[in-house]
């Protein structure tokens, strides 16, 4: 005990206590079996191992043992020493378990050491060792790498540990028919994957793999995993649809694809299939043979699916026969195409919001969930619009995983995942503080499509679960008022007909609507239904409601910085920087979910806008909910030009860089809250480093450097515990701890990475920008296949490749923007249907809606192409007005000149040349008359007449100077009309300022005075002076016209910050 003297009293007390606890603990083990999950049952009690006697030993008793030792479920309960006789005491006898106890001694029994039982009655068990099995990573649901689940962990099975009989049992258990083959799968190498340690010795008629005899393997090496191929159904696909998420349902069974014929096919079954195909929800089951008959193979059967399952293997099909399918029984569906989001714990159109990453569904926090986000989700789920997100605890409970994703929707997106999204740095919340929504639902529901918000666009109505167009030949503001009221979008601002290029071709829901204006729903107005539709009478209709107002930031490199633009009365416009300050900018940042303002920019810091200037003299307190709630001049009233456009930089603006190395190696820093700071490397995986490299356009590989060769940072350490997965291409989408300026414990935790790629070099997956590391809009646009560089098929650069534009809604306004951006003057024509030949590669955009005044095609509203709505026979093209000034092939190798040097001779320039020639002719005539007048003056000198002559000369000079001043004072000259297509087409009204009433011509009073004096003097001088006045007027007209023309041409070359698609 001398050594004890060195221990303090508290330590000694804890030591003795631990001995007492260990002495009091009972233990259970399986011995002498073929592996860790089979053998004789032994119990350690009072520090002595003993056995269990087999009086009434059954499967429930064995179940408790298997669960207690972590070996899954019981396969067999064995008695009479199947694994040999034990030794020592018989601790328990006549155990009587229910099966749910946590330990064997918790079951009723006769007491410890109550009966001396011969050891040839010792009991044993065979446990499954695993609770589930699956085939993972195969091409179908009935093929893949074999894995078994031990407790909460999946283990891989070796190729050498199973045979064909075992594969037959596996296929039978998974309801996948019979075994076709076993193949070597992945090579293990240095993988840290868990490996199942037992061989399976199946007869082949077992119902479950766990029932097969097993033997622990200590001889055979495990180099590859087992890949099992079964004959059963391999899954589903949708064929012959217009998108990947619509079509005829086909089933792979026995290695053969065939049309699935289901007599019981209905919308719930279709909805389940859409979800399992990652295609969102089922929108409809089209009638008839909408998607053709297929290749002749038919599988008759019935489909059933676990609604909450996340894999098609949860869905079972009972294949009955391979006969002909009666007409109308082919399974078919049109899915929404919007995956990974759902409503749970409520109804079809209300509940708790959940999203899915990989196979994991989770909630999102309600703190930054708003009505715009919710409306996009409701539309995606075919549930109308969002009526409320304030539901209290109606749909939530206290348990569940929570994702950190925050969505920033504009409101016009088709899918929630189309919205801007950030997960990095967001705080988490409790399971009870998660997002919910109540949607309006489908019955007699309305929506506005193809607008800038949910409160403007084409009117569509859902009748009997199907969306249809609304057509009318007398659409007016009363009808629009009812639409806006039903959609809770404020009051109607405009009722219009859609331009011909945007008219629909689908199902018609209503026509000839006649509202009084006080109805609560459009269907309560006098209407006709689609059955009575005469062709060629009515037109598609649209509305703009007061709540369609929107705000955005343009020309910044990320979403929380840029030029401020407002959408009002169907038109985007800018804000003048008069009195623009941080209070105003704060309202903008808060309204966009971008935190608070770091800086309020003036003088078109993010480039000059175009078109309307909506607000001036904005004077916010900072507490307003929207910029339009701040005091300001009336909409459209201002005294500004676009060189005074206002901009903001918000605290949530994010950027990423590598410092102290090169573009693709260095210390990783993130810009947040207006400051650059480091990122901590705790628990950072190589996958996260690879994601950072992809984000920085530095290739598809990278690693974390451990030698800290890129120095220590000096600013904040913003983030820690960043966790990215294979699906992430942007660091902003990765999960992490919340933003904290002291995230690292010390500078040694800062992240240093080296990427495999280099900026400016292409990788197999994605090529770099075609001409530089930072593409301008001009460099991302080209025309191909025309006679020169200003005519041809329009192509844009996106995601590393050139692609075309669909000609849906393509018109002269869109073409004007392209021509101007290319430095090719104005558009002569907007061509469609692959006028300059069909392109190749992706079709990047459709339904572009330019006003014609935009400086860049990327300033125009548009939609990314979804599915197969277009093919290359619908490629859009342009023919611009001019011809290049230099066409010699010898200049092909010269350095590329700025586009402003690409001289083009347009029609207005030719007019200027002709007018200039006429001006020279008039001046020559004037010179001759002046010489004649001077000659007469020398012959006959009249002092009074000379005084009048000098006075006239002086007055004319004053008037000419005044007119020259007028020519550059744009506030006096009436506004030049926009190009064709710049107005809101066919029914829109442009919002423009009233032209000034002041006339730019010579004042009438002075004209009369001059003429009067001349009448009293000399007839020749009167004639000469009248012609002089007209000549000066002609000079002024030519000068004004050509000056305005030069200004318009130069406007296409304003320098702006480069932006990316």
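Here the Cβ of each residue, glycine as well, is placed from N, Cα and C on the backbone.
Under the heading signal peptide, TrEMBL lists 1-24.
Taken from TrEMBL, the feature domain 'SRCR' covers 28-128 (among others).
Under the heading disulfide bond, TrEMBL lists 53-117 (among others). A sphere of 10 angstroms centred on the C-beta of residue 117 (disulfide bond) encloses 20 other C-beta atoms.
What TrEMBL records for 66-127 (among others) is disulfide bond. With a cut-off of 8 Å between CB atoms and residues at least 6 apart in sequence, the same chain places 37, 72, 73, 74, 125, 127, 128 near residue 66 (disulfide bond), listed in sequence order.
The domain 'SRCR' annotation in TrEMBL covers 133-231 (among others).
Marked as disulfide bond by TrEMBL: 158-222 (among others).
Taken from TrEMBL, the feature domain 'SRCR' covers 236-336 (among others). Mean pLDDT, taken over the domain 'SRCR' (236-336), works out to 73 on the 0 to 100 scale.
Look at TrEMBL and you will find 261-325 (among others) tagged as disulfide bond.
Here TrEMBL flags 305-315 (among others) as disulfide bond.
The domain 'SRCR' feature in TrEMBL is assigned to 341-440 (among others).
The Cβ of residue 378 (disulfide bond) has 27 neighbouring Cβ atoms from other residues within 10 Å, across all protein chains displayed. The disulfide bond annotation in TrEMBL covers 378-439 (among others).
Counting only same-chain residues at least 6 apart in sequence, those with a Cβ under 8 Å from the Cβ of residue 419 (disulfide bond) are 373, 376, 407, 408, 409, 410, 413. Here TrEMBL flags 409-419 (among others) as disulfide bond.
The feature domain 'SRCR' is assigned by TrEMBL to 446-546 (among others).
Applying an 8 A CB threshold to same-chain residues 6+ apart, the list for residue 545 (disulfide bond) reads 455, 456, 480, 483, 484, 487, 489, 490, 491, 492, 493. Annotation source TrEMBL lists disulfide bond at 484-545 (among others).
Residues or ranges marked as domain 'SRCR' by TrEMBL: 551-651 (among others).
Same-chain residues at least 6 positions away in sequence with a Cβ under 8 Å from that of residue 640 (disulfide bond) are, in sequence order, 576, 577, 578, 613, 616. For 576-640 (among others), the entry in TrEMBL reads disulfide bond.
Comparison of 28-128, 341-440, 656-756, 781-881 by number of C-beta pairs under 8 angstroms to the domain 'SRCR' (446-546) places 341-440 first. The number of other CB atoms found within 10 A of the CB of residue 744 (disulfide bond), across every protein chain shown, is 23.
Sorting the domain 'SRCR' (341-440) by DSSP state (H, G, I as helix; E, B as strand; all else coil) yields 13 helix, 37 strand, 50 coil. With helix defined as DSSP H, G or I and strand as E or B, the domain 'SRCR' (656-756) counts 16 helix, 35 strand, 50 coil.
Against the domain 'SRCR' (781-881), the recorded stretches 28-128, 341-440, 656-756 differ in Cβ pairs under 8 Å, and the greatest number is found for 341-440. When the disulfide-bonded residues 222, 325, 439, 589 are compared by the number of other CB atoms within 10 angstroms of each CB, 222 has the fewest. DSSP states for the domain 'SRCR' (28-128), grouped as helix (H, G, I), strand (E, B) and coil, give 16 helix, 32 strand, 53 coil.
When Cβ neighbours within 10 Å are tallied across all protein chains shown, the highest count among the disulfide-bonded residues 650, 734 belongs to 650.
Between residue 117 (disulfide bond) and residue 158 (disulfide bond), the C-alpha separation comes to 41 Å.
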